[in-house]
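Engineer: Among the features that TrEMBL reports, domain 'Phosphofructokinase' is placed at 2-296. The Mg(2+) binding site annotation in TrEMBL covers Glu103. The site 'Important for substrate specificity' annotation in TrEMBL covers Gly104. Taken from TrEMBL, the feature substrate binding site covers Thr125, Val126, Asp127, Arg162, Met169, Gly170, Arg171, Glu221, Arg265, His271, Ile272, Gln273, Arg274.
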Amino acid sequence: MRIGILTSGGDCPGLNAVIRGAVLKGTEINGQEFVGFRDGWRGVVAGDIMPLERSDVRGIAKQGGTILGTSRTNPFEGNGGPERIQEMLDANGIDAIMAIGGEGTLAAAKRLTDAGLKIVGVPKTVDNDLDATDYTFGFDTAVEIATEAMDRLRTTGDSHSRCMVAEVMGRHVGWIALHSGMAAGAHAILIPEQKTSMEQVAEWVKSAADRGRAPLVVVAEGFTPDHADDPHSERGLDAFGRPRLGGIGERLAPIIEEMTGIETRATTLGHIQRGGVPTAYDRVLATRLGMAASDIVQSASWGQMVALRGTDIVTVGFEEALGRLKTVPQRRYREAAMLFG
Ligand SMILES: Nc1ncnc2c1ncn2[C@@H]1O[C@H](COP(=O)(O)OP(=O)(O)O)[C@@H](O)[C@H]1O
Ligand SMILES: O=P(O)(O)OC[C@H]1O[C@](O)(COP(=O)(O)O)[C@@H](O)[C@@H]1O
Ligand SMILES: [Mg+2]
């Protein structure tokens with residue numbers, strides 16, 4: 001069996017560990033061969049293929065990014081579509097595709113599988129918002145980076161008696177904000193799932209300042225204040241037509257300063273959260289998912305993806321994977337909010 005691997009959508013730390021896990025298990029145990037598609041579905045549509053042998057994945061588990069490159073190409077557009085892709089696979093002797101990506105990548109994979117292509121999936125999202133898996137690789141690394149940044153913001157905030165606003169990723173869900181904010185002892189955490197008034201934010205900030213603390217406010221980029229209708233976006237649309245988020249922290253800082261009288265500074269962490277080496281936890285999770293993905297190709301489980309349930313790697317269908325976003329439950333938000341202010 002010859003398998004083509006692709007990574008698609010936004011990158012995150014751990015993608016290379018998945019590739020290595022799949023190639024090692026596949027070549028050493030399952031008798032498989034591998035090639036890589038460059039830049040996600042773009043490489044599939046264009047037949048842009050690179051070698052992927054055991055020696056090509058040496059030492060890459062600790063490398064950030066993806067050695068295959070990524071894109072947000074839609075495989076049904078341009079010269080794409082299931083017939084053309086099947087022709088390309090036949091021409092290159094490729095039997096199956098292993099797609100590593102988020103809900104968009106898996107939606108494309110499902111449509112192609114429904115049309116008869118042999119595809120398995122590995123879930124990828126730094127936001128940790130896929131409901132069919134308990135955790136995704138990259139999330140732990142992002143939380144670790146954000147927490148370290150917030151620890152640093154707190155010492156400079158303390159020195160100047162300022163309020164510090166830290167903006168983290170999280171388009172639809174506030175998992176990175178919730179976990180890094182709790183870890184750093186934030187005085188307010190603002191997430192997309194929870195409408196919050198600026199009066200409430202100002203109250204938390206003043207309460208922390210009254211106790212002699214430099215307030216730390218953590219905000220997810222997808223947070224919508226209760227006076228706005230949509231998340232803040234000022235950078236146009238991405239390749240898939242979605243608004244590019246980011247900048248809400250800079251918007252909130254002057255409002256907080258105005259309402260509290262406390263000098264306030266904002267920092268947007270942005271892509272720093274997605275770059276660099278993955279944590280040990282993410283390397284282990286990604287390696288296990290890659291190994292399991294090789295196994296489900298071996299069992300011809302087309303239309304299935306590997307997932308984490310508790311501490312076990314399991315298999316779920318693409319429909320289930322695409323069914324629902326994993327949002328922060330109210331009870332988790334309320335638990336964190338008990339410590340605000
Ligand atoms: N319904 C769909 N049909 C085909 N392709 C899709 C669909 N939805 C999303 N995509 C493709 O999925 C990819 C991006 O989605 P995803 O993997 O979720 O990553 P991200 O959320 O980081 O952008 C792109 O290649 C996009 O064109
Ligand atoms: O700058 P890019 O590559 O468009 O990505 C930014 C977006 O990707 C995300 O990190 C989500 O990506 P995931 O698909 O990994 O969950 C968002 O938090 C953010 O809005
Ligand atoms: Mg996504």
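Placement of Cβ uses the backbone N, Cα and C atoms for every residue, glycine included.
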Engineer: For ligand 1, list the binding-site residues among Glu103, Thr125, Asp127, Met169, Arg274 whose CB atom is within a distance below 6 Å of it, in sequence order.
Structural biologist: Glu103
Engineer: Which of the binding-site residues listed here (Thr125, Asp127, Met169, Arg171, Ile272, Arg274) have a Cα atom within 10 Å of the Cα of Glu103 (Mg(2+) binding site)?
Structural biologist: Thr125
Engineer: Restricting to the chain of Arg265 (substrate binding site) and a gap of 6 or more, list residues whose Cβ falls under 8 Å of its Cβ, or answer none.
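Structural biologist: Residues satisfying the criterion: Gly157, Arg162, Cys163, Met164, Val165, Ala253.
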Engineer: As a check: which entries in Glu103, Asp127, Met169, Arg171, Arg265, Ile272, the binding-site residues, place their Cβ less than 6 Å from an atom of ligand 3?
Structural biologist: Glu103
Engineer: Can you tell me the CA-to-CA distance separating Ile272 (substrate binding site) and Gly104 (site 'Important for substrate specificity'), as a whole number of Å?
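Structural biologist: Cα to Cα, Ile272 (substrate binding site) and Gly104 (site 'Important for substrate specificity') are separated by 23 Å.
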Engineer: Using Cβ atoms only, which residues of the same chain lie under 8 Å from Arg274 (substrate binding site) while being at least 6 residues apart in sequence?
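Structural biologist: When sequence neighbours closer than 6 are ignored, Arg274 (substrate binding site) has Gly10, Asp11, Cys12, Pro13, Gly64, Val126, Gly138, Ala142, Met169 within Cβ distance under 8 Å.
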Engineer: For the binding-site residues Met169, Ile272, work out the Cβ neighbour count at 10 Å and name the residue with the minimum.
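Structural biologist: If we count Cβ atoms within 10 Å for the binding-site residues Met169, Ile272, the smallest count is at Ile272.
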Engineer: Provide the number of Cβ atoms within 10 Å of the Cβ of the residue listed as 'Mg(2+) binding site', excluding the reference atom itself.
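Structural biologist: Looking across every protein chain shown, the total is 22.
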Engineer: For Asp127 (substrate binding site), what is the secondary structure state per DSSP, taken as helix, strand or coil?
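Structural biologist: It is coil.
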Engineer: Out of Thr125, Asp127, Arg171, which of the binding-site residues is least crowded by other Cβ atoms within 10 Å?
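Structural biologist: Ranked by other Cβ atoms within 10 Å, the binding-site residues Thr125, Asp127, Arg171 bottom out at Arg171.
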Engineer: Are there any residues in the same chain, six or more apart in sequence, whose C-beta is under 8 angstroms from the C-beta of Gly104 (site 'Important for substrate specificity'), and if so which?
Structural biologist: Ser8, Gly9, Arg72, Phe240
